[in-house]
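Take a look at the structure set out below.
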Amino acid sequence: MSEDEKFDTPPPNIPNGNDNEETVDMYLPDYGKWAFLRKPFMIKLNLLMAILALSSSNTGYDGSLLNSLQVFDEWNHYMGDPSGAVLGALNNGVVFGVLLSFAVSSTIADRIGRKLAITLGNFIMIIGIIIQSCSVDYAMFLVARIIIGVGNGIALVPSPTLVSELSYPSHRQAVTSFYNTNWYLGAIVAAWVSFGTRNRTHQWCWRIPSICQAIWPVVQTCLIYLVPESPRWLVSKGQPEKARAILLKYHGDGNEEIGGPLVDFEMMEIAAAIEAEKIAGNYSYWDFCKTPGNRKRLFLLFCIAFAMQMSGNGLVSYYLNKVLDSIGITSKDRKLVVNGGLMIYNFGVAMIVPAIVSKFKRRTMFLSSFTLMLITYVIWTVLSAINQKKNFEEKSLGQGVLAMIFFYYLAYNLGLNGLPYLYMTEILPFTIRAKGYRYGCN
C-alpha cells in the first residue's frame, strides 16, 4: 500500500461509506410506495425541513434584490448613482459580511446548537435589513449589507447541517436538493415584489422590496421552535436520551417495535462519526501537501471554487441591469420582467438538474457545463458587439443576447449549482473532509 493510500484509509471501526455488510437501508422499515405522502410523521418532518430551507430563500432574495434595485432611478439617486468599484462594493457587501462570520459561524453552531445559531443569525439579519430599509446614503446602505452578510453567514452554516442531520435517511438526498433549490424561490419573490412596486413614487419603490427581505428571517425565527434540535449535536453534548427520543419520533413514527432498529443503527452511526471527528482533529491543513493524492485534491478544490465564482455568473447575478442596458433594453418594466422571468426559469431548471446529474459522471457534467458556458459567452459577445455597432437598431440581436443569458444559466446550473458540493465530499477522505469542504466553500 502506498503512502497516499495509507493516508486515505479511514481509521479502524469508523464507517467509510464502502462497507456493504451493514447500511442504513437494511434497517429502514417497509412503509410501501409514496410513504412520504402517506405517513403523517414523514409529512411533518419534511414540512419542518421547509422551515430550515427559508435560510436558502433569504440568500436568493438578497441576490435578486440588488439586481432589481439598480433599475430604480430613485435608488440610484439615494446611493449617488454608483458604478464601477463603488457599485461592486455594494453588490459584494453581503459577501464581505459572510467572510467576517466565516471564522466563528461553525463554532457558534457547535457551541449553542443549530437552532439557536439560526435564530442568532436571523436577528442580526433583521437588524441589517432595518438599517438597509432606512438608508439615506451609500455608506449607510453598505454597512447594512455587511451586517446582513454577517447574520446570513451565521445562519447558513447550521441550516443545511440540521437538514442533513434531521432528514429521513432515504429522503436525505432529495431534501438536500430541495434546500439548494429554494435559493431561486427567494429570488423569484424579490424580482416580482420589485416589479409590483415599480410605479410607486419617490423612495418607496425600493424601500418596500428591501423591507420585504425581513419576511424570511422573521418567519423562520417564529417557526424554528417547531423544529427539533440536531440528534448529533445532542449526543455530542452528552444527551443521547434526548437524541434517541427525537429520532424515534421523527424516523420511527414513535413505534419502538418497528422503528427501534433503525434508530439504534443511527445512534451507532452518530457515535462512530463523533469518535472519527476526534481522530480527524489530529490532522491539519498541511496534510493537503503531504502526499501526491492530497495535493491533487487541493488543486481540484481550488479549481472548483474558482470556477464557481469566476465563470461569469457574477455578471448576470449582480449586473443584469447593466447587461440589459448594453443590448438596448432600457425600459424599467421590461428589465424587471426579464429578471423575474429569469428567476422562474432558474427555479425550474434547478428542480430538473438533480435528477439528471445522478445519471452521468461528475467529470462529464463539469466539462459539459464549462463547454456550454464558453460557447454561450462567445455567441453573447459577438451578438453584443454587432448590436452596438448597429446602434441597437436591430431588435433581433438584442433578443439573441437575452436568449444567451437564459442558456448560460442552464449551462451553469448543469455543473456548478449543486454538483460541486457533492463532488467535494466524494473526493475527500474523512480525515480531511471538513477542512477541505471549508476551504472549497470559502
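A Cβ is built for glycine as well, from the same backbone N, Cα and C atoms used for every other residue.
Quick caveat, the model's predicted, so the values are computed rather than measured.
Annotated region 'Disordered' per TrEMBL: 1-21, in sequence order.
Over the domain 'Major facilitator superfamily (MFS) profile' (48-442), the average per-residue pLDDT in this prediction is 86. Positions annotated as domain 'Major facilitator superfamily (MFS) profile' by TrEMBL: 48-442.
Among the features that TrEMBL reports, transmembrane segment is placed at 85-104 (among others).
Positions annotated as transmembrane segment by TrEMBL: 116-132 (among others).
Residues 55, 58-59, 62, 78-80, 82, 86, 89-90, 93-102, 104-106, 108-109, 117-118, 120-129, 131-132, 213, 217 of the same chain lie 6+ residues outside the transmembrane segment (138-157) yet bring a C-beta within less than 8 angstroms of a C-beta in it. For 138-157 (among others), the entry in TrEMBL reads transmembrane segment.
According to TrEMBL, the transmembrane segment annotation covers 178-195 (among others).
Per TrEMBL, the feature transmembrane segment maps to 298-320 (among others). Tertiary neighbourhood of the transmembrane segment (298-320): same-chain residues 63, 66-67, 87, 91, 288-289, 335, 338-339, 342, 366, 370, 373, 377, 405, 408-409, 412, 416, 420, 423-424, 427, 436, 439-442, selected by CB-CB distance under 8 Å and a gap of 6+ residues from either end.
Below 8 angstroms of C-beta separation, residues 60, 64, 174, 177, 180-181, 183-185, 187-188, 190-192, 195, 316, 320, 365, 405-406, 409-410, 413-414, 417-419, 422 of the same chain, each at least six residues beyond the ends of the transmembrane segment (340-357), sit close to that stretch. The feature transmembrane segment is assigned by TrEMBL to 340-357 (among others).
What TrEMBL lists as transmembrane segment is 364-386 (among others). Sequence-remote contacts of a segment are chain residues at least 6 beyond its ends whose Cβ falls under 8 Å from one of its Cβ atoms, and for the transmembrane segment (364-386) they are 307, 311-312, 326-327, 357, 397, 400-401, 404-405, 407-408, 410-412, 414-416, 419, 423.
Here TrEMBL flags 406-424 (among others) as transmembrane segment.
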So if I exclude everything within five residues of the ends of the transmembrane segment (178-195), which remaining residues of that chain have a CB under 8 angstroms from its CBs? That is, six or more out. 49-50, 52-54, 56-65, 67-69, 71-72, 159-160, 163, 206, 208-209, 212-213, 215-216, 333, 336-337, 339-340, 342-344, 346-347, 350-351, 354, 417-418
